[in-house]
Amino acid sequence: MPELPEVEVSRRGIAPHLENQQIADVVVRDRRLRWPIPEAVSTVVGATITRVERRAKYLIIHTTQGYLIVHLGMSGALRVVPTDTLVVKHDHIDLVLTSGWCLRFNDPRRFGCWLYSKQHPAVSHPLLAKLGPEPLTDTFNVEHLYSVSRGKQQAIKTFIMDNHVVVGVGNIYANESLFKAGINPKRAAGKISRARYERLVPIIKETLAKAIEQGGTTLQDFTQADGQPGYFKQELMVYGRGGKLCMQCGERLKEIRLGQRSTVYCTQCQR
Ligand SMILES: [Zn+2]
């Protein structure tokens, strides 16, 4: 599943090809995504794209006639191709530009979405309005995490993966960040000291920023037909290593389910 870093790399990959371009047409081949693609997406025909923004794992395509909200779901991928490029299975929608190129969305599992909003959706749209701060901005800071956590019995791992608390900390990044911060993922969020949050917050930022950086260098060109964002290959200390030895102390890593998600940690290094 594309996580925040993959979505950000997608944004950086497609934005230069879209910004300041005029939309000639919207071609929908199959409306059946997570929600049916509304007829209203055609409102942007004739408009100029002014910006491609990311909020959590949503891409917001700003146009002079409203906003498109795009989510990659479980298996969605965006690429920019010449409009006459042969359509393949699961190419559900094209945003056709007057330049002769188009933004093409492929999604085999169809959990992605394409929606239209007349207003900027960050405050007005129900999918986006209740989201917590962006992890890579100053609005996500120690004070925020510490104050929101007070009184919470919830496990710290589940807490930092909650989109109302902070967006975009997916399972891999939560596992890795808690290992680096030396915090046991089962510990109650409300019982963790400010000093430990002071350690955790920059680690979460670094972990995500590093994934974006690696993605930017390893990912194929978004104008290539095979530009499929996947998980970035990066050195993982705990995720996917249950039962293997801790790279820091040599203890066998423990794997449990926490909030239905695979959780791997070291009982020695994480307290
Ligand atoms: Zn260890």
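Note that Cβ sites are derived from N, Cα and C of the backbone, with glycine treated the same way.
According to TrEMBL, the feature active site, schiff-base intermediate with DNA maps to Pro2. Taken from TrEMBL, the feature active site, proton donor covers Glu3, Lys57, Arg261. According to TrEMBL, the feature DNA binding site maps to His90, Arg109, Lys152. If you look up TrEMBL, you'll see 2-112 marked as domain 'Formamidopyrimidine-DNA glycosylase catalytic'. The domain 'FPG-type' annotation in TrEMBL covers 237-271.
What TrEMBL annotates, mapped onto the structure for a quick look.
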{"residue": "Pro2", "record": "active site, schiff-base intermediate with DNA", "Cβ neighbours (10 Å)": "24"}
{"residue": "Glu3", "record": "active site, proton donor", "Cβ neighbours (10 Å)": "21"}
{"residue": "Lys57", "record": "active site, proton donor", "Cβ neighbours (10 Å)": "22"}
{"residue": "His90", "record": "DNA binding site", "Cβ neighbours (10 Å)": "16"}
{"residue": "Arg109", "record": "DNA binding site", "Cβ neighbours (10 Å)": "13"}
{"residue": "Lys152", "record": "DNA binding site", "Cβ neighbours (10 Å)": "17"}
{"residue": "Arg261", "record": "active site, proton donor", "Cβ neighbours (10 Å)": "15"}
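Distance from the CA of Arg261 (active site, proton donor) to the CA of Lys152 (DNA binding site) is 19 Å.
According to DSSP, the secondary structure content of the domain 'FPG-type' (237-271) in residues is 0 helix, 12 strand, 23 coil. Residues of the domain 'Formamidopyrimidine-DNA glycosylase catalytic' (2-112) grouped by DSSP class, helix first, strand second and coil last, total 21 helix, 48 strand, 42 coil. For the pair Pro2 (active site, schiff-base intermediate with DNA) and Lys57 (active site, proton donor), the Cα-Cα distance reads 8 Å. Computed over the domain 'FPG-type' (237-271), the whole-number mean pLDDT of the model equals 96.
Across the structure, Glu3 (active site, proton donor) and Lys57 (active site, proton donor) place their CA atoms 7 angstrom apart. Annotated pair Lys57 (active site, proton donor) and Arg261 (active site, proton donor), C-alpha to C-alpha distance, rounded: 19 Å.
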